[in-house]
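Visitor: These came from Swiss-Prot, pasted as-is:
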- 509, 510, 511, 512, 513, 514, 515, 516: ATP binding site (BINDING)
- 138-158: compositional bias 'Polar residues' (COMPBIAS)
- 170-184: compositional bias 'Polar residues' (COMPBIAS)
- 185-207: compositional bias 'Basic and acidic residues' (COMPBIAS)
- 590: SUMO cross-link (CROSSLNK)
- 483-633: domain 'SF3 helicase' (DOMAIN)
- 94: phosphoserine (MOD_RES)
- 98: phosphoserine (MOD_RES)
- 111: phosphoserine (MOD_RES)
- 124-221: region 'Disordered' (REGION)
- 218-384: region 'DNA-binding region' (REGION)
- 657-681: region 'Disordered' (REGION)
- 110-119: motif 'Nuclear export signal' (MOTIF)
């Protein structure tokens, strides 16, 4: 039985009950301005007390009020969503803007009326998208849908089922009164008004990639053929993928990477995309005046023509120079180029260039680079040999190299012409070979020096000097310093002969008189060694004297003279001394002749009276003369010292060397490799 709570009487009709629709018309008892008596107030107060429970607030199911409340809640929720979307606009992804202006720009989408009053469409700057939508897992694929006047019905949903509400969209809801549960179906009733000129929608292609294929087909015509490159977030990855698709191998398998664009190289591997057909054919001729070798392949693709080149320029160029030059020749931007140097020691890479050069799809100009020939020709492959340490030692000995860093650099430079140097670079023990080679070279040099007398050593050092000089600047400089030449020559003769107590020359004088300049030039010619008193606290500071024919102690002070007077009297005598060498046993040897420069006269100080008989002193009084350009007025170089010794060879009582022109060289040149010297018959 239907019991309608809140109604009195059961004989009323359905229209008179609270569950139906009815119209209530108010009855006006008083008008505005009518006087109100106290009786009326009392009646109102009494009526309020009497009719407290007159209105029934209880709601019965099925009376239709839940539909109105549901509608009100939905409208309130829609208004709240619009307000939140307006406040947090920066968290929503920006509308997509086509970089080639094939669709309407963002300003035109947001304000179609503003676009309508313009005389012509303006090119707008590309807008940066703030946030990316979640991808399906197959890459950042973007598709631009058609733009035009249309009305979108229904709701746009993302892949996770949430409704995609754009800013400024109008939510249109309809009430479904026939629904028993009173709920609204948003999927069928909601929609979005796009506008008069339509809008650009950015969509994500799914795993099948059908929409992406359609877009690439539509943009592959005319000027939009390289739109895919422009839109790609990683343009280089797009070009590398297209290269592997066309040529069947990776671009990185043919090249080595240069991080800097300023690194120079003569050989370059260049791949250019989107070249016009006529230009691609013309580059085969235009590139020839610029290079010594060119290997060019031209293949068609949907972007245009793809040009792959292996080029050896006549002069070394960096990546920026190569890109600018080819951009001018091919009329293609640098963003459509891959430019890297080739792999010079990769057999598969060299074989690829060799095999493709013989095919009909390649055009080759010039002589094949040696790094391709060396790795592909059978004759060159047979010539590859194992590394020989003795050959490296012989090369270091012939070029007078005993420093490890210098030997490593110089020997690597000849790897293109020397098979042993190439084998050295291919070895995994380069550091060990380098250290061993320098050690052996120093041993050979030390043994050769110890075998020679002073006369032979001076002649040997003179043969290493290229060119002839003049001995007169040396004599003129001594006269400028008021040094008598004949007494100096006599003292210098006994100095070279190592006569006891005559094997130390001291050059005394004030500063800037040329003492160190004179001694250093002589020491450089004779290949001597320098010792420094600053290292006197070490037991090994005299070790360089064991490996030299002559020594130099520059700028001796009072403390240094005290040390010499205390510990080095026998060294100045030219007698046998004992030298401590680091990590090696003590060595007993005769001290070589020693040059000393000082600002203190040791002959006038009573503290060093026992050194007076062991020193031969020469005084430099005058400042060293220089020209207006700052150059020394008296040039003391190796050529002048060579001429000085050859000119005064007999006066210095040096032994005459054997006549090599008439009698030939009595001894063969030193060889540290097995085999015999090749002699002519």
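Quick reminder: no glycine exception, Cβ is built from N, Cα and C everywhere.
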Visitor: In this structure, which of the recorded positions 515, 590 has the fewest other Cβ atoms within 10 Å of its Cβ?
Guide: 590
Visitor: Using CB atoms and a 10 A radius, I'd like the single residue among the binding-site residues 509, 510, 514 with the highest neighbour count.
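Guide: Max Cβ neighbours within 10 Å, all protein chains included: 514.
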Visitor: Would you list the other residues of this chain near ATP - those whose C-beta lies within 8 angstroms of the C-beta centroid of 509, 510, 511, 512, 513, 514, 515, 516 - in sequence order?
Guide: 597, 599, 620, 623, 624
Visitor: Suppose we draw a 10 Å sphere around the Cβ of residue 516 (ATP binding site). How many other Cβ atoms does it contain, all chains included?
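Guide: Residue 516 (ATP binding site) is surrounded by 18 other Cβ atoms within 10 Å.
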Visitor: Pop the mean pLDDT for the region 'DNA-binding region' (218-384) in here, whole number is fine.
Guide: 86
Visitor: My understanding is the cutoff is Cβ-Cβ under 8 Å with a sequence separation of 6 or more in the same chain; which residues meet that for residue 512 (ATP binding site)?
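Guide: Those within reach of residue 512 (ATP binding site), by Cβ under 8 Å and sequence separation of 6 or more, are 623, 624.
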Visitor: What does DSSP say about residue 590 (SUMO cross-link): helix, strand or coil?
Guide: strand
Visitor: Which one of these binding-site residues has the most other Cβ atoms within 10 Å of its own Cβ: 511, 513?
Guide: 513
Visitor: Using DSSP with the three-state reduction, classify residue 512 (ATP binding site) as helix, strand or coil.
Guide: coil
Visitor: Can you tell me the CA-to-CA distance separating residue 510 (ATP binding site) and the residue listed as 'SUMO cross-link', as a whole number of Å?
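Guide: Cα of residue 510 (ATP binding site) to Cα of the residue listed as 'SUMO cross-link' measures 32 Å after rounding.
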Visitor: Rounded to a whole number, how many Å is the Cα of residue 590 (SUMO cross-link) away from the Cα of residue 514 (ATP binding site)?
Guide: 29
